Amino acid sequence: MPELPEVEVTRLSFAFEIAGARVISVRIGKPLRWPLGCSPTQLAGRSVQAVRRRGKYLLIDLDQGLLLVHLGMSGSLSFARQLPPAGAHDHFEMTTTLGTLRLTDPRRFGAVVYAKGEDAPEAHKLLGKLGMEPLSDDFDVDRFHDELKRRRAAIKQVLLAGDTVVGVGNIYASEALFMAGIRPTLSAARLSRPRSARLHAAIRDVLARAVATGGSTLRDFSSAKGENGHFQLEAMVYARQGQPCRVCATPIKSLRQGQRSTFYCPHCQKA
């Protein structure tokens, strides 16, 4: 699943080019996770003001309302002046005066949802319960620690839930916990203030480096320009079960948490 870095990389790869474009037409393919919420013809004539991100959602601001885009498990966006003919997995296509934006999603867990502009976007039901943005000033270390002290679940599970800090998916949760020296199964409530601060810094660092390297391409992720990410090449623990830790040479181990694979170093993450 594309996580925060992949969504941010996607945003950066087309936000500037599409700003100011006028929508000519919208084509809908097979049903996605949620319906569009309006007739495609209603979007014709709207102009694109900006493209923002909230967690793993892209927010395409229009002069009237906005489009919420979620890439689901396997989705990706493409944007170009001219794209090849739509294929079997291309389920949303918005043609504009500056190019065509297309959502390709083989598993169809992604979605494009229109939201009217009467209310603040943050109030939308898909966004209202999201946690702090880890790459913004909103991600306050004291608030982060206070939130963790109220959670008895394993720290890895708390990070994945998205209601404390948003967008830290499976890859980057494992990496951040390694950097902070915290065992993934430790109860979040047991983290001291200094350890919460180390995790806070590790989350910001890992996500920033992932964005800078284009995200992680494990299977089919690419930016809206078709470029693959490279963060997976420098991962410290993720998908490295049995390989030596890059710090201490102890073999990396894995375990299952909530039906997701977690990777960690038993020496560097003793507690």
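Each position is counted from 1, following the chain as shown.
Backbone N, Cα and C atoms are what each Cβ position is placed from, and that goes for glycine too.
Every protein chain considered, the tally of other Cβ atoms within 10 Å of the Cβ of P2 (active site, schiff-base intermediate with DNA) stands at 26. Feature annotation from Swiss-Prot assigns active site, schiff-base intermediate with DNA to P2.
A sphere of 10 angstroms centred on the C-beta of E3 (active site, proton donor) encloses 23 other C-beta atoms. Residues or ranges marked as active site, proton donor by Swiss-Prot on the basis of sequence analysis: E3 (among others).
Annotation comment: Swiss-Prot describes K56 (among others) as active site, proton donor. Take the CB of K56 (active site, proton donor) and look out to 10 A: across all protein chains shown you find 22 other CB atoms.
Under the three-state DSSP scheme, R260 (active site, proton donor) falls in the strand class. Sequence annotations record features per position, and here Swiss-Prot assigns active site, proton donor to R260 (among others).
Swiss-Prot lists H89, R107, R151 with the feature DNA binding site. Here the Cβ of R151 (DNA binding site) has 17 other Cβ atoms within 10 Å, regardless of which shown protein chain they belong to.
Positions annotated as zinc finger by Swiss-Prot: 236-270. Remote same-chain residues near the zinc finger (236-270) are listed as 154, 156-157, 160, 170-171, 173-175, 177-179, 181-185, 218 (criterion: CB distance under 8 Å, separation of at least six residues from the stretch ends).
The DSSP breakdown of the zinc finger (236-270) into helical (H, G, I), extended (E, B) and coil residues amounts to 0 helix, 12 strand, 23 coil.
Between K56 (active site, proton donor) and H89 (DNA binding site), the C-alpha separation comes to 21 Å. Of the listed recorded positions H89, R107, R260, the Cβ environment within 10 Å is emptiest of other Cβ atoms at R107. Of all the active-site residues listed here (P2, E3, R260), P2 has the Cα closest to the Cα of R107 (DNA binding site). Of all the recorded positions listed here (H89, R151, R260), R260 has the Cα closest to the Cα of E3 (active site, proton donor).
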